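Asker: Below are the features I grabbed from TrEMBL:
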BINDING   Thr42, Ser43, Val157, Thr173, Gly296, Gly297, Ala298, Gly299, Tyr300, Thr301  FAD binding site
BINDING   Tyr218, Arg273, Gly297  D-dopa binding site
DOMAIN    7-310  domain 'FAD dependent oxidoreductase'
Amino acid sequence: MKNKNHITVLGAGVSGLTTAIVLAEHGFKVNIITKELPKQTTSAVAAAIWFPYEAYPTNKVNSWSRRSLLRFKHLAQNEDSGVSFIPFTAYLDTRQKPWWLDALPGENILDDDVQHPVHPGYKGYTLNVPLIETPIYLEYLLNRFKESGGEIIKQEVTSVEELEAYFPVVNCTGLDAKHLFNDEQLYPIQGQVVRVAPDQKIQGMATEYELGDQEMAYIIPRRDGIILGGSAKKHQTSTKADPSLTERILTYCSEFEPAVLELPVLDVKVGLRPGRPEIRLEKDPQLPVIHNYGHGGAGYTVSWGCAEEVLKLL
């Protein structure tokens with residue numbers, strides 16, 4: 001794919017936008033074709049915090065996460081980006097070192113021996129990590145892409161044949177790659193979140209273990225409200241909120257921050273993460289296509305690292 005100055009990116013979630021920006025800022029003429037504008041995508045439902053979650057293989061995910069972390073450090077200096085750094089505690093049900101810790105430099109590990117508030121034998125880590133305010137950040141990415149000369153075309157593509165006029169293509173379609181490129185390894189991971197009113201006293205946290213069937217607790221304090229989660233239900237395709245799960249999420253999170261029960265619920269959202277045994281980031285063996293999808297729950301976390309990898313493949 002050398003010497004191809006024009007590139008089409010398929011998809012306008014965080015992966016598509018970030019990839020398009022990296023390519024455009026390296027001299028390519030880039031168009032995005034998408035059936036959904038950024039704020040209609042799964043990326044808009046994300047919490048979002050920098051945290052490698054439901055994404056594999058771990059060695060590559062750590063590398064892409066580290067590279068993204070450097071980008072987010074730079075972005076946090078721009079108030080318009082919606083990126084800031086916050087203390088965030090990850091609770092484990094083991095004393096073993098988690099694999100994702102290697103993605104963080106020592107200066108970002110604030111405390112490596114946090115005591116669990118409910119289970120004394122469990123361990124936690126308090127980290128200094130990027131918080132991404134998704135409504136602000138997606139708008140920032142869209143504007144940055146347009147300022148770099150990019151164009152976004154709202155159009156649904158239902159077959160590879162429709163893409164031939166746009167080759168070469170970078171495929172950032174997430175779950176849509178299942179039917180578009182016949183990827184049987186791709187599956188949905190349903191996630192439900194509850195947004196309650198903001199409260200500056202509440203700290204961010206997540207459990208690295210399940211509290212129910214594919215359910216866990218996480219608290220992510222944003223300016224527009226506190227995002228409470230959550231669930232990661234594999235092979236579930238519904239985007240309809242489950243009221244009983246909403247109640248369980250509130251209960252799970254209240255074990256760590258009882259005050260969340262006193263905050264009014266603003267809304268409940270459900271999104272489908274693109275799960276896969278491994279992130280697919282490679283050249284297609286038969287088509288002039290580079291694939292960049294299957295990021296699970298780590299789309300924001302690996303976004304810049306994966307985009308830079310796409311650039312290397314061109």
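Here the Cβ of each residue, glycine as well, is placed from N, Cα and C on the backbone.
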Asker: May I ask for the distance between Arg273 (D-dopa binding site) and Ala298 (FAD binding site), taken between their Cα atoms and rounded to an integer number of Å?
Answerer: 9
Asker: Between Tyr218 (D-dopa binding site) and Thr42 (FAD binding site), what C-alpha distance do you get in Å?
Answerer: 18
Asker: Near Tyr218 (D-dopa binding site), how many other Cβ atoms are within 10 Å of its Cβ?
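Answerer: If we count other Cβ atoms within 10 Å of Tyr218 (D-dopa binding site), we arrive at 25.
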Asker: Here are the binding-site residues: Arg273, Gly296. Which has the lowest count of other Cβ atoms within 10 Å?
Answerer: Gly296
Asker: How far apart, in angstrom, are the most distant Cα atoms among the FAD-binding residues Thr42, Ser43, Val157, Thr173, Gly296, Gly297, Ala298, Gly299, Tyr300, Thr301?
Answerer: 27
Asker: Within 8 Å of the Cβ centroid of the D-dopa site residues Tyr218, Arg273, Gly297, which other residues of the same chain have their Cβ?
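Answerer: The answer, listed by sequence position, is Ala46, Ala47, Tyr53, Glu54, Ile189, Gly191, Gly229, Gly230, Ala232, Gly296, Ala298.
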Asker: Just to verify a number: CA distance, Val157 (FAD binding site) to Gly297 (D-dopa binding site), in angstrom, no decimals.
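Answerer: About 24 Å separates the two Cα atoms.
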Asker: Would you mind checking how many other C-beta atoms are within 10 angstroms of the C-beta on Ala298 (FAD binding site)?
Answerer: 25
Asker: What residues, ordered by sequence, lie under 8 A Cβ-to-Cβ from Tyr300 (FAD binding site) and sit at least six positions away in the same chain?
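Answerer: Correct list: Val14, Ser43, Ala46, Ala48, Ile49, Trp50, Ser68, Ile132.
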Asker: State the Cα to Cα distance, in Å, between Gly297 (D-dopa binding site) and Thr42 (FAD binding site), rounded to an integer.
Answerer: 11
Asker: According to DSSP, folded down to helix, strand and coil, what is Tyr218 (D-dopa binding site)?
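Answerer: It is in a strand.
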Asker: Across all the protein chains here, work out how many other Cβ atoms are within 10 Å of the Cβ of Val157 (FAD binding site).
Answerer: 20
Asker: In the three-state scheme derived from DSSP, which category covers Arg273 (D-dopa binding site)?
Answerer: strand
